[in-house]
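TrEMBL has this to say about the protein:
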TRANSMEM  12-31  transmembrane segment
TRANSMEM  43-62  transmembrane segment
TRANSMEM  68-86  transmembrane segment
TRANSMEM  98-115  transmembrane segment
TRANSMEM  135-153  transmembrane segment
TRANSMEM  165-192  transmembrane segment
TRANSMEM  204-224  transmembrane segment
Amino acid sequence: MFDSYFAYIVKNPISSIAVFVTVLPLTLAIVRRAFLDPSLRLLFCYLVLKFIVDLSMLHFASNRTNNIIFYNLSIPLFYTLLGGMFYFKFQERVQRQFLIASIVGLFFFSAWDVINSNEDLHNMREHRVVLYSKTVEGVLMILLILLYFYEIIKSLQIPNLLTFPFFWVCSGLLLYYSSLIFIAPVIHYAYTWNNTMDLGITEVIPSIFEILCALLFSVGIYHFSPRNYAKQ
């Protein structure tokens, strides 16, 4: 079993690094007690869930078993946790209502997208990547980030933006989802279990930005201070 894992990691080093780099922000979140902040607590839950999903996908891929169902199901779950972080940052009721509506809407849209993208849902071996959901998730996430940045600029209550943890979290998310908006639809057509299209360097772009996203998460969590949070 371990031979198959090792062979897969050697063959796919960048995507494998994207799996295990999640340990860095997870460890920092525990050491820095970042889960005291409600937004960072949801980020911590996201990192735990993401690590479990990524390990499961690595396990099935190493054993030549279709793992795309994990990718499809994770889209609304990940958006719920990452989008939920902004609920504690938005001050206006309209923005919070939009956030809740987008979470509910993406759940139903993702369910439709899974059915629409797969003619036979019972045939897990031929299960395919959803066509639209990842792009919709990316657009929604970027919109939330821009709304949050707008609130920061409007309030100007932060003396040094570079030491503000959630700024780095948003920067990581912005990089990651910007890279997915145009690539996600291509993945639907390229990634089938028996006939995978060679996309060249395009295949590793999401993994590269996923690594950068985890590193920026780590920077943000590193700047979190339990002492300063307790004074708020």
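Using the three backbone atoms N, Cα and C, a Cβ is placed for every residue, glycine included.
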Q: Report, as numbers and ranges, every residue of the chain located at least six residues beyond the transmembrane segment (98-115) whose Cβ falls under 8 Å of a Cβ in that stretch; write 'none' if there are none.
A: 72, 75-76, 79-80, 83-84, 86-87, 90, 121, 130-133, 136-137, 140, 144
Q) What parts of the chain pack near the transmembrane segment (68-86), using Cβ distances under 8 Å and only residues at least 6 beyond its ends? A) 39-40, 42-43, 45-46, 49-50, 53, 56-57, 60, 95, 99, 102-103, 106-107, 110, 113-114, 124, 127-130, 133-134, 137, 140-141, 144, 147-148, 166, 169, 173, 191, 193
Q. Which sequence positions outside the transmembrane segment (43-62), separated from its termini by at least 6 residues, show Cβ-Cβ distances below 8 Å to it?
A. 4-5, 7-9, 16, 18-19, 22-23, 25-26, 29, 34-35, 70-71, 74, 77-78, 81-82, 85, 169, 217, 221
